[in-house]
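J.: Encoded as structure tokens, here's the structure I'll be asking about.
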Amino acid sequence: MSFKTRLILSYVVMFVAPIILTIIAAAVMVVINVRAVAGSYGFEFKGNPVKQVMEKNQEAFDNIKVVASENPDVLRDKMYLENLEKELNKLNTSAVVRINNNIIYSSNNLKRLDLNEVLPEFGSATSGSYERALLGNEVTFMRHQDFYFTDKSQGTVFFITDMTPILKRVGRVVLYMCVVILLILIATDGILTYYVSKGVLRPIETLKNAANQIEEGNLEFEVKPASEDEIGELCTAFEKMRVKLKESINLQMQYENNRKELISNISHDLKTPVTAIKGYVEGILDGVADTPEKTERYIRTIYAKASDLDKLIDELFLFSKLDLNNLTFNFEQVDIKEYLEDCVQELSLGLEKDNISLNLNTEKITNPFVLVDNEKLKRVIINIVENASKYMDKEEGKIDIRLEENDDKVIIEIKDNGQGIPKEDIPCIFDRFYRTDKSRSSLTGGSGLGLAIVKRIIEEHEGKVWAESEEGKGTSIFFTLKTIKK
Ligand code: ATP
Ligand code: MG
């Protein structure tokens, strides 16, 4: 669930839950109190007890009305009135009987009051209707019935219902409800705040921790997203950033190591021919080369070493330019068939001297047009063919160049029947300065830059380069070039 949804939901719950809980609490409280009220009146609890009290009251009042009209003198009878009183007490009601302004009967609890002041005079109010009256501190509902005794004296019977207990209870219920509502609000807000903040604070705490770890240089501290919301996304983004940072630091370290290795390799490769040249020059100067033939041999060797040096410096220069992307490529449309035919013609002469034949097979090509930098591609072909001839161990050397078409590219394979490359070395031969142990110990010169240059040039052509080889049998170097539709 997204954090936004969770927030909206929590707001809704924060609004709805207190309402529902308040309704439930109010219902429970009403039921409990209604039961209590019903109990206090001695009723069975069924429905509204106030209504029941009113009905019973009405019944009793109707009875007294009948008695007052049919047999009014009974209302002078103390015994009758005491019995009536007992019945009325159950309804929280008291009775008062007045004859000509004299109160001849009143309930015990009313005796201490001056009822004359409160009770309406004979005929001054409508009989039977309810009136609100304050008796002492008690709130009451009062109704009365005027009548005449048989001796024509004016009689009034009053029913006074004490509302105070019910009102006190209502007051208590209202107070309790306020407390309950307050508790419900505190509880729902507390619980929801806890749940919402748990989803935010904990991950933020973890993130803070992770940031501190990174600051201290520990890039291994993994942050796992605990949820799928925005906070989870933040954790994922943070984790991605950590991984990227780690990778970039590792890469940096690798670059640094490569740089050190490069400097050590360059110094070594430059030093070897220079030491040889120095040795031969010393030989001449010291007179070791004492015959003209010897001197010539020395000078020829010096020349060869200087050429090696020159070649190495050229390669280094080219590679460093390629590596720094400082070399501009001039791409032109070329017919690869014709291009390779020219190359083969050019290279064949030199190879024939070493008894190596160079063949070209372009049969499978229908669209020979590719976009290449002429000069750089020549470097690629020369470097690969040079390797094939340099690492040739067969009497009859064979180099086959084969072209194949695949979707929008041409695959060029340069296959030799030379010494081959050990399996474990194949993935490394395109690395700069990489030479197999065999070629390091052999007499073949080289710096290990040839194939690294090939790889960079092919990459600039948006192509791929790879090798297949079998020790003792030979090697195939493949590379691809993108074709252009004619
Ligand atoms: P450079 O080309 O810079 O003079 P190099 O030939 O040693 O030196 P690369 O051309 O990069 O360097 O080749 C890397 C290594 O791969 C070589 O040293 C050699 O061990 C191996 N290798 C490359 N091509 C062949 C091949 N056709 N047959 C056998 N081994 C090869
Ligand atoms: Mg080479």
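Using N, Cα and C of the backbone, Cβ positions are placed for all residues, glycine too.
Note that the coordinates shown come from a computational prediction; the quantities given were computed from them, not determined experimentally.
Okay, these came from TrEMBL:
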DOMAIN    198-250  domain 'HAMP'
DOMAIN    265-485  domain 'Histidine kinase'
TRANSMEM  12-32  transmembrane segment
TRANSMEM  173-196  transmembrane segment
J.: Can you work out which residues elsewhere in the same chain, 6+ from the ends of the transmembrane segment (12-32), have a Cβ less than 8 Å from its Cβ atoms?
T.: 173, 176-177, 180-181, 184-185, 188-189, 192
J.: Do you know the DSSP helix, strand and coil residue counts for the domain 'HAMP' (198-250)?
T.: 39 helix, 0 strand, 14 coil
J.: Per-residue pLDDT averaged over the domain 'HAMP' (198-250) comes to what?
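T.: Here the mean pLDDT over the domain 'HAMP' (198-250) amounts to 87.
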